[in-house]
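Asks: First, the structure itself, so that you have it in front of you.
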Amino acid sequence: MDEREALIKAGEIARQVKKEVISLIKPGTKLYDIAEFVERRIIELGGKPAFPCNLSINEIAAHYTPYKGDETVLKEGDYLKVDIGVHVDGYIADTALTFRVGMEEDDLVTAAREALENAIKVIRAGIKINEIGKAIEETIRGYGFNPIVNLSGHKIERYKLHAGISIPNIYRPADSYVLKEGDVIAIEPFATTGAGQVIEVPPALIFMYLRDRPVRMAQARRVLMHIKREYNGLPFAYRWLQGFMPEGQLKLALAQLDRVGAIYSYPILREVRGGLVAQFEHTVIVEKEGAYITT
């Protein structure tokens with residue numbers, strides 16, 4: 001399987017899982033059950049999770065994934081963002097959508113969805129990425145909402161979810177990277193009723209291996225070896241390690257690894273004023289005259 005075939009296969013799996021998860025999005029469903037279903041289906045369909053299933057409600061924009069024992073359930077009217085990552089041999093599909101639990105789509109959800117559609121329409125080899133930001137910003141503001149300025153899409157490479165280039169959700173002249181044929185990018189507009197910025201809040205439930213570092217604690221060394229071997233430098237969930245060792249030891253090990261820079265932690269991201277947030281995302285391959293949507 002070559003690179004393009006693997007990217008397309010990962011996208012097909014992500015698309016299928018998005019369809020299947022709809023039946024679980026109803027009041028009373030536990031976030032834990034949704035995340036476990038999504039990640040299990042990815043594996044059953046022949047892929048692997050490229051990152052933990054993110055399930056972020058209302059003012060939480062990103063980086064919430066449930067843990068074992070998490071009793072959070074969906075309530076009617078919740079804005080649930082489901083962000084799914086699949087990889088096939090390291091080639092990644094990253095996609096997201098927003099549901100209003102038990103209710104019809106409203107203008108906030110429509111604004112984010114249309115921002116994604118309009119952004120994809122401008123993509124082709126040779127454009128500057130600020131043209132994507134312009135399409136997103138104009139669409140979201142046209143509905144009377146704010147784009148989240150400190151969240152962005154991203155270039156993707158093999159085993160690299162964020163490959164150094166950010167795809168903005170607003171127009172900035174300085175965003176002058178020119179798209180090349182064959183670039184793989186994730187476009188992910190976030191629309192909010194709030195101020196249009198996110199802040200980090202504890203706890204971190206998602207982590208990523210960065211580098212080997214000497215650590216005192218034997219349990220920390222064990223965790224480091226395990227995550228390096230298992231996840232190929234892609235993000236992993238605290239939930240995936242629950243049961244690997246006693247909970248208290250695991251928390252201490254992760255804290256030590258984070259402190260010495262062996263791992264990166266992803267704090268939960270909340271809209272600064274507590275505004276509601278909607279998100280949509282596709283992964284696309286840049287072509288000469290357009291974009292091939294893999295997801």
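Heads up, the Cβ atoms here are built off N, Cα and C, so glycines get one too.
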Asks: Looking at the divalent metal cation 1 binding annotation from Swiss-Prot, with Asp94, Glu281 already listed, which candidate in Asp83, Asp106 is the matching residue?
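Replies: Site partner of Asp94, Glu281 for divalent metal cation 1, according to Swiss-Prot: Asp83.
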Asks: From the candidates Glu59, Glu188, Glu200, Glu247, give the one listed by Swiss-Prot for the same divalent metal cation 2 site as Asp94, His154, Glu281.
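Replies: So, going by the record in Swiss-Prot, that would be Glu188.
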Asks: Within the chain of His162 (substrate binding site), which residues six or more apart in sequence place their C-beta under 8 angstroms from its C-beta?
Replies: His154, Lys155, Ile156
Asks: What residues, ordered by sequence, lie under 8 A Cβ-to-Cβ from Asp83 (divalent metal cation 1 binding site) and sit at least six positions away in the same chain?
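Replies: Expected: Cys53, Asn54, Leu55, Ser56, Ala62, Asp94, Thr95, Ala96, Gln279, Glu281.
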Asks: Return only the integer: C-alpha distance in Å from His63 (substrate binding site) to Glu188 (divalent metal cation 2 binding site).
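Replies: Computed Cα spacing between His63 (substrate binding site) and Glu188 (divalent metal cation 2 binding site) is 14 Å.
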